[in-house]
Each structure stands twice: as C-alpha cells, then as structure tokens.
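TrEMBL annotations:
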DOMAIN    11-120  domain 'CMP/dCMP-type deaminase'
BINDING   HIS62, CYS92, CYS95  Zn(2+) binding site
ACT_SITE  GLU64  active site, proton donor
Amino acid sequence: MMKKHLNHQDQPKNGFMAQAFEQALEAQALGEVPIGAVIVREGEIISRTGNRTRLLNDPTAHAEILAIRQACDLLKSERLPGCDLYVTLEPCAMCAAAISFARIRRLYYGAADEKGGGVEFGGRFYTQPTCHHAPDTYSGFGETEAQNLLRDFFKQKR
C-alpha cells in the first residue's frame, strides 16, 4: 500500500477535500457525526455526501459507503476504477473494505482515527492478505481542520 502524508496546500486536490468538508458540515447540521466524502472521476465530482447513520437509522450509512452507492448508481456499475475518494476522516474497517471492493483508485483522507480507523490504525485492511485491491492512500489533507471539527462536535455532545 502506498501511503503518503500530503501538504494541505496541494491546490488541485484541496478543492475536492474542501467539498468533503462542506458535506461534513451538512452532516453536523443534521445531528450526524461530521464526516464528509466526495468521489471524483476525471476531475469531476460524481458523488458527495456526509454521514447519515442517525437520519437513516442505518449503522452502515457512513459518508464513504453512501458516496460509493451514489457513484455506483450513477455509473451503473459495482466498481469504480479510475475514481478517487476524498473523506475527512480515516475510513473504518467497513468503509476500507467497501473502498477496496469498489476498486477505488486513490483514497485521500484528512484526520487519522486512532480509535476506529481501518487504514492506518486498527485492522489496517489494505495490508491484509485477504485484501485484493488497495487504493493508493494519502493522509493529512486538512488534518487539523478535521480534528477540530470532530473534537468540537463531541465536546458539545458531552
């Protein structure tokens, strides 16, 4: 697995991550954990959403899963080769598996998730022998903003 820590100032990718942050803020406004995701194909956003677990009463309605569902529906395919996913938080193991199964080309994420992550932390899904596809993975995009957004959200909940 290729993993790099990127500079938030990388302008072409920064715009897509900014869209993911907008989705995170929309999720927060709905009372959801503020995580947002967008999927990009050939430089165009083809899906965008945030967490909807509470709204949909669905524990699998993470931003990444919903974005993958939208993109697959749009493209009429269960696979998304040539697509890149931008998400504000390191995907959990469930989402990492869905990213792999969808054959997403590249994964960009903001903050690492030491408690629930499945890429850099936790099960490290893409390093497992049962993983048949590992996207090129880049972390650190808007890391501070993502950490602050989540910290402030959970501080208000306590």
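A Cβ is built for glycine as well, from the same backbone N, Cα and C atoms used for every other residue.
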- Query: For CYS92 (Zn(2+) binding site), which residues in the same chain are close in space, meaning a Cβ under 8 Å from its Cβ, but six or more apart along the sequence?
  - Reply: HIS62, ASP113, GLY116, GLY117, GLY118, GLY122
- Task: Could you round the CA separation between GLU64 (active site, proton donor) and CYS95 (Zn(2+) binding site) to a whole angstrom and send it over?
- Result: 6
- Give, as a single whole number between 0 and 100, the mean pLDDT over the domain 'CMP/dCMP-type deaminase' (11-120). 96
- Item | Nonlocal residues around CYS95 (Zn(2+) binding site), in sequence order (Cβ under 8 Å, 6 or more apart) | HIS62, GLU64, ILE65, VAL87, GLY118
- Item | Env. residues of Zn(2+) site, Cβ within 8 Å of mean position of HIS62, CYS92, CYS95 Cβ | ALA63, GLU64, ILE65, PRO91, ALA93, MET94, ALA96, ALA98, GLY118
- Query: For the domain 'CMP/dCMP-type deaminase' (11-120), what does DSSP give as the number of helix, strand and coil residues?
  - Reply: 45 helix, 26 strand, 39 coil
- Across all the protein chains here, work out how many other Cβ atoms are within 10 Å of the Cβ of GLU64 (active site, proton donor). 28
